[in-house]
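Undergrad: This is the structure I want to talk about, given as structure tokens.
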Amino acid sequence: MISYIIRRLIMLIPVLIGMSIITFSVVHAIPGDPARTIVGDKATPAQIQEIRENLGLDKPAYIQYFTYVKDILRGDLGTSLITKQEIAKEIKPFLAATTELAVVAMLIAVFFGVNLGILSAWKQNSWFDYTAMLIALIGVSMPIFWLGLMEQWFFAQELDLLPSNGRLDPRMEFDAITNFYSIDAIIQGNWYAFQDAILHLILPAVALGTIPMAIIARMTRSSMLEVMRSDYIRTARAKGLGEFWVVYKHTLKNAFIPVLTVVGLQLGLLLGGAVLTETIFSWPGVGRYIFDAINARNYPVIQSGILILATIFVVINLIVDLLYAWVDPRIQYGKGD
Amino acid sequence: MTQTVLEIAELQLHFFTDKGVVKAVDGVSLEVGRGEVVGLVGESGCGKSVTSLAIMGLIPQPPGKVVAGSIQFEGVDLTKISQKELRKIRGDQVAMIFQEPMTSLNPLFTIGNQLIEVVRIHRKVNKSEARKQALEMLRQVGISREGILDDYPHQLSGGMRQRVMIAMAMMLNPKLLIADEPTTALDVTIQAQILDLMKNLNKEFGTSILFITHDLGVVAEMCDRIVVMYAGQIVEQTDRFRLFRNPKHPYTQGLMNSIPKLEDKRERLYSIPGQVPNPHQMPSGCRFAPRCEYVMDICRVSSPELLAVEEGHLSRCFLHQEVKEVATTST
């Protein structure tokens, strides 16, 4: 297993190099003089020169690239043009907000998706199966902004059950430590804040988790049905094993491998920041952070933001690959059958 | 034959599909005595595997359903009892091994896990005791390698996996072992080893075996008695010696002729002309009539009964039934 992990980590290096080249070219892909584009038409030559030096645009491209990589390796992601803050520091709370939301959304999606999928496959062609798959079909086709607005209208406005936006009641006094508000609240023993943070999470997490939930449910169902037809499931039944264990032990473990891929990909997408959901629910996440940077032509932020998101995506896929090897012993040995 | 372990009587098993009813098993009756090895022979699609799965209660329902007949195992009708009661018998008193050793073991669990599971489903024993039993059984089937219990199926060869499958089936010393083409997927030398192993287990433990195969060579090697099936029906049934010396049914004769012989100088190998009938459109008379070289007018209109041609030798063919009539009139 350890040699497999090391092998996978080594394979990560070319991916990361490729990624750094792409993010590096973001600034250079701007037509004309990037510095002029950044500061706008009315800038003085001195201002343009300042930006140029600031971004290192006056040096040859390969030197710029190596400086860029060196800075990243030191943890220096540059400075925001607007706030003049270090991006590495500035992005943290946004990243935490997005991660908290994405993880909760994914937990909802996995829990409901996997169980709906299992039960649908188990009771194939029953009314439960048809209903669950109809829900899943509606789920994948639902425009997420519309779902978000409907949730706000129904649960926040009509029923007044749940808060409609933000991460916490703005009147509440609260010190962020990790910026994962639910965790911070537990650390501080502030149960009122914990409850409030969770309540604020529900609507956006459900909106964000609906599509992955539907995809996972459909994937689980078809994967379960395929495994249920396999010879070793017949063997398990021939042993006299009860139906529950046939389904939850022998079938699920095998059926979960393709589902794991979907979960990994979807989590990567959610962590990439869901601009729509974050906008509708005024969630101060990384999606909105980068979106605002794009509107403001804040190039260093765009560049570093993309780099961070891409890195997260790659790391999650690495974790999924390692989980494969853990679930399926055939993978580690590098030969399947 | 002293005592009967399994007695199938007039079994009718139908599949209810969108295209209509498929009578996969149509009035099959057979017996397996204690310690006896019975061969069930026929081409693919003749209903032999379905019969064996019906004994295990492993026919998916729907679309499959036993519509008539009974499967008596040790005096209990397996078609009448609940799934729960059936599960108690399955794996414990009746065990089964399958054609495909490569895919019949769960790839994600160790050999040990899968062997121990059988014991722990049916007996109240702790893990270490079950482990001991598993190791002992593996030794019986010829695997005594250290650490085998922690191996995964993909680390074993096909022959080894089939040995593991046999060990799994024999774990609780079942009264009846159903072997559905257990050697078909293996190469010839391994085939011989597995057959030897099964013969030994049959002798040592007195386990009755219902051996399903399309390979007459294997039948000659293994079986005391042979049941030949065609298109969901039994066409001939007798002991090994009679069947090979004096096959009565034209289908059985065809099967025998399909075995290549060394002294035969023909360029083409013999095969029975035509194909197994479409289960949705069975011939109205004898089901073998369209492929039979001795076909008569009567064969196309009415179906022959399975009748004794001599003592302990049944055949479903008008040929001998007429011969018999002629014989009785001449005396």
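For all residues, glycine too, the Cβ spot is worked out from N, Cα and C.
According to TrEMBL, the feature transmembrane segment maps to A:9-30, A:101-122, A:134-155, A:197-219, A:255-281, A:301-327. The feature domain 'ABC transmembrane type-1' is assigned by TrEMBL to A:95-324.
Would you situate these features in the structure and describe their surroundings?
TA: Tertiary neighbourhood of the transmembrane segment (A:9-30): same-chain residues 37, 55, 57, 61, 64-65, 68-69, 72, 299, 302-304, 306-307, 310-311, 314, 318, selected by CB-CB distance under 8 Å and a gap of 6+ residues from either end.
A Cβ distance under 8 Å defines the sequence-distant neighbours of the transmembrane segment (A:255-281), meaning residues of its chain 6+ beyond its ends; these are 98-99, 101-102, 105-106, 109-110, 114, 117, 121, 144-145, 148-149, 152, 164-166, 203-204, 207-208, 211-212, 215-216, 219-220, 223-224, 226-227, 287-291, 309, 312-313, 316-317, 319-320, 323-324, 327-328.
If you look at the transmembrane segment (A:301-327), the same-chain residues 6 or more away from its ends with a CB under 8 A from one of its CBs are 1, 4-5, 8-9, 12, 15-16, 19-20, 22-24, 26-27, 72, 77-78, 80-82, 87-88, 91, 95, 253, 256-257, 260-261, 263-265, 267-268, 271-273, 286, 289-290, 293-294.
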Undergrad: By a Cβ-Cβ criterion of under 8 Å, what residues six or more beyond either terminus of the transmembrane segment (A:134-155) are in contact with it?
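TA: Counting only partners 6 or more residues beyond its ends, the transmembrane segment (A:134-155) has Cβ contacts under 8 Å with 116, 161-162, 164-165, 203-204, 206-208, 210-211, 213-215, 217-218, 274, 276-277, 280-281.
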